[in-house]
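Q: Pulled these features from TrEMBL for this protein:
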TRANSMEM  47-71  transmembrane segment
TRANSMEM  152-170  transmembrane segment
TRANSMEM  182-206  transmembrane segment
TRANSMEM  233-252  transmembrane segment
TRANSMEM  273-290  transmembrane segment
TRANSMEM  316-339  transmembrane segment
TRANSMEM  385-403  transmembrane segment
TRANSMEM  409-430  transmembrane segment
TRANSMEM  442-463  transmembrane segment
TRANSMEM  469-487  transmembrane segment
TRANSMEM  526-544  transmembrane segment
TRANSMEM  550-572  transmembrane segment
Amino acid sequence: MNSSGLYIEIAVIAVYMLYLLGIGAAFKNFNHDISDFFRGGGRGTWWLVGASVFMANISAYTFTGASGVAFEAGWSVATIYIANSVGLFLAFLFFAAWFRQLRAITGPEVIEMRFGRTTQQLYAFLMVILGVVGSGLVLWAMAIFTAAVFGFPIWVIILVLGAVVMAYSTSGGSWAVMATDFVQSLIMVPTTIIVGVLALLAMGGFTGMGELVRNAGLESDFNLINGTGEFSGGQFTLTWALGIFMTQSILSNSMVSGPRFFSVKDGWEARKAAFLAFVLMAMGCVFWFLPPMAARLLFESDVLSAGASLNKPAEAAYAVASIKLLPLGMTGVIMVAMFSATMSSLDSGINRNAAIVIRDILPMLRKSMGLEPMEAERELVWSRWVSLALGLVVMGIALYYSLMGKAGMFEFMLALASMLGAPMSVPMLLGMFVKRVPAWSAVFAVFCGLMPSLLAFAFGLEWSFQQKVFINVGCGTAGFLSSMLFWKSASQAYRTKVEEFFTKMHLPVDFEKEVGKANDLSQLKILGNFVLGISSFFFLLLLVPNPLGGRVVILCLASSVALTGVLMRWVGARQARLSAAKEAAVSTIS
């Protein structure tokens, strides 16, 4: 990329970041209490929450670590995202509505309803620690991608982008996060589809791609399922794929993951949100990994050169493919799309974990010190300060990751998920089906699930990912179910608490009585204006010098975003007219 092209891409990113901050400022007035700040007051529409759920399931990691695996192993990495799709479809069938009907603000609140105060406090502390650590990893992944495109030092990118994320996350809270996620989904989905299609065309379609794979001797490597011995640690085999499906299904639908559906209006809207996220994720499985495979087949030397300064050079594959395939100005667009996707993932480490601190940890600490609960107004102020503090911690962790050794993000994330994520999530999933277990059953199940990994670490044993998953999940499940033998020891108060939990979980939400007036029209109007505004910015990219084909690509993106904005404004205006007519009719009758 020449210097003038680099300046254009940087200008696109700079303007767009300011635009994102503008969205956060626009939704700041939606926050009147911590329910608004942390879960949108339970007023989010299905399309807004569904887009946010989808965006929260991906991050820059998808286009760095996972794309690095696609560069080396082809379609195998798509297994993870197919498993994510299955998890979201299960949420559509059952879990999304159940989570919303629990009427909570944080995950630990749900855990307290089901298992009591002790388990809630244990999970609250662990969720904050793991959430912040995971968010640091996500920020690091985003910095790697940006560094591969523009050549800036990773630590500089972490500091700059981390500061932007902090400002955004603390300004508009959950409303700003969901709004930005929605706008970004309108950009990221068509942009990544465009990159995928261009990659496929560059390879000569699927037929040409098959010939390139055969000529490179990669037939076995690029299979969806590989044989034992193809890759180290038994990766990408059938048992590895089963481990992935088990892990993602559990992680996606345990009580720990419930907060992503707390913002929606009711159970039916939650199901629609989950289905939208499922459809978008399933589409992504098809298009996201064509560019890194094209990079392996067409631009391998460029990838290895661009990624020479990275821990794993292959993780620059998507960045290189984007530069090679997209017209001038569009690389900056896909960068800001990845940036926003990462912001959604960082919400788990900043906004949602701040909610846990404010709602679950701080009240316990104040009570232990004999202090009165905070007033609602002070809670909202503290929410922003805690969000700011967690953002600084996330940045520090990301800087630490950048100084680690040669271990790649892909292996690190799988190890973290199998060792800690699954054991913690197993009792939180089973607890929604199995009633007759004592209050300590979840803690005991976590201990049983962690014990194999702790023993393996103590004795220096090397396990594959799938071995960790099957053994840890199996031991955790056995521990949880075995506690059923002690149900008779549970107090009557706890038994009543369990019955109340299941009753509430299956009781539909009466939105008008429980929440109040909806603000659907405001969401449509404000977001419709922002969508039209960003589409105008994309149309301006047509002025950037590009060949005809490049201008057509930019026109397709700008038009798709503009049409969505027009549709939103039309629907909003139509609903406003219908609402006004209904109010007039009621007024006439009365």
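The backbone N, Cα and C atoms fix where each Cβ goes, glycine too.
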Q: Counting only pairs at least 6 apart in sequence, do the transmembrane segment (47-71) and the transmembrane segment (182-206) share 3+ Cβ pairs under 8 Å?
A: yes
Q: Assess whether the transmembrane segment (550-572) lies in contact with the transmembrane segment (316-339), where contact requires at least three Cβ pairs under 8 Å among residues 6 or more apart in sequence.
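A: Yes, these stretches are in contact.
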Q: Against which stretches of its own chain does the transmembrane segment (316-339) lie, if we need a Cβ under 8 Å and a gap of at least six residues from its ends?
A: 1, 5, 8-13, 16-17, 20, 59-60, 63-64, 67-68, 70-71, 142, 144-146, 148-149, 161, 184, 187-188, 191-192, 194-195, 198-199, 202, 291-292, 294-296, 298-299, 302-303, 306-307, 310, 538, 541, 544-547, 549-551, 553-554, 557
Q: Sort out the residues at least 6 away from either end of the transmembrane segment (233-252), same chain, that have Cβ-Cβ distances under 8 Å to it, and list them.
A: 73, 76-77, 79-80, 83-84, 86-88, 90-91, 223, 225-227, 417-418, 421-422, 425-426, 429, 464-466, 468-470, 473
Q: Can you tell me which of 152-170, 273-290, 442-463, 526-544 gets the most C-beta pairs within less than 8 Å of the transmembrane segment (385-403)?
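A: Out of the listed stretches, 152-170 contacts the transmembrane segment (385-403) most.
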